[in-house]
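Database features, via Swiss-Prot:
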type: REGION; residues: 1-23; note: region 'Disordered'
type: ZN_FING; residues: 30-69; note: zinc finger
type: BINDING; residues: C92, C95, H107, C111; note: Zn(2+) binding site
type: ZN_FING; residues: 92-111; note: zinc finger
type: MOD_RES; residues: K103; note: N6-acetyllysine
type: MOD_RES; residues: K113; note: N6-acetyllysine
Amino acid sequence: MAAAQPESRDGAAQSAKPASETDPLSRFTCPVCLEVFEKPVQVPCGHVFCSACLQECLKPKKPVCGVCRSALAPGVRAAELERQIESIETSCHGCRKDFVLSKIRAHVASCSKYQSYIMEGVKATTKDASLQQRNVPNRYTFPCPYCPEKNFDQEGLVEHCKLTHSTDTKSVVCPICASMPWGDPSYRSANFMEHIQRRHRFSYDTFVDYDVDEDDMINQVLQRSIIDQ
């Protein structure tokens with residue numbers, strides 16, 4: 001199995017993040033679809049997206065980068081990153097077989113054990129529809145789940161936790177997920193630091209329609225997942 005490669009110029013803004021210390025594959029993960037990059041493209045601000053994901057992000061009249069919120073523009077092919085994706089291996093979380101990163105997306109689309117693994121995660125983080133009656137929560141500022149500090153925006157909470165609580169192993173509720181329509185305010189993440197650095201590197205406001213009911217939202221996510229595969 002190929003070892004992790006030294007930092008490259010392609011995607012350097014992502015690979016330099018501490019998340020790579022807890023998940024060595026994080027620098028090969030698109031911040032939009034959360035899958036291994038497919039035809040990676042580096043935009044002017046330095047972040048990298050799948051080509052198809054970037055095209056979706058560019059559709060608004062004034063597109064912004066979902067990671068840093070700077071103005072978004074078409075980028076250039078991340079050739080070195082693409083080369084590494086063709087050579088580095090990883091294991092399927094379902095069947096545990098090894099594949100090069102470029103093949104893992106196609107594999108998990110048809111792996112029944114991986115689908116079972118994903119559905120268990122969905123059940124753990126999705127509220128029962130019968131329990132959805134509650135007031136619309138504040139989705140703009142969040143408290144730290146580890147300490148009394150509060151009123152962080154999403155990016156501020158990520159940075160605060162990385163700087164202050166990177167070694168804290170306590171299971172906590174993710175305040176960002178708990179505020180979402182599908183969130184479970186009682187679900188405790190076993191590895192919150194890895195979760196927040198991978199799942200919340202971009203702003204949900206850029207991609208999520210909060211007015212869509214949960215069933216429609218889940219269907220949209222599943223359809224997009226199939227298309228991305």
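Backbone N, Cα and C define each Cβ position, glycine as well.
Keep in mind that this is a model prediction, so the values were computed, not measured.
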I want the residues beyond C92, C95, H107, C111 whose C-beta is within 8 angstroms of the mean position of the Zn(2+) site's C-beta atoms, in chain order.
H93, G94, R96, K97, F99, I104, V108, S110, K113, Y114
Just jot down the residues in the same chain as C92 (Zn(2+) binding site), at least 6 apart in sequence, with C-beta under 8 A of its C-beta; none if empty.
F99, I104, H107, V108, C111, K113, Y114
Measuring Cα to Cα, tell me the gap between K103 (N6-acetyllysine) and C95 (Zn(2+) binding site) in whole angstrom.
14
I want to check the contact list for C95 (Zn(2+) binding site): same chain, sequence separation of six or more, C-beta distance under 8 angstroms. What comes out?
C111, K113, Y114
With DSSP helix as H/G/I and strand as E/B, how many residues of the zinc finger (92-111) fall in helix, strand and coil?
10 helix, 3 strand, 7 coil
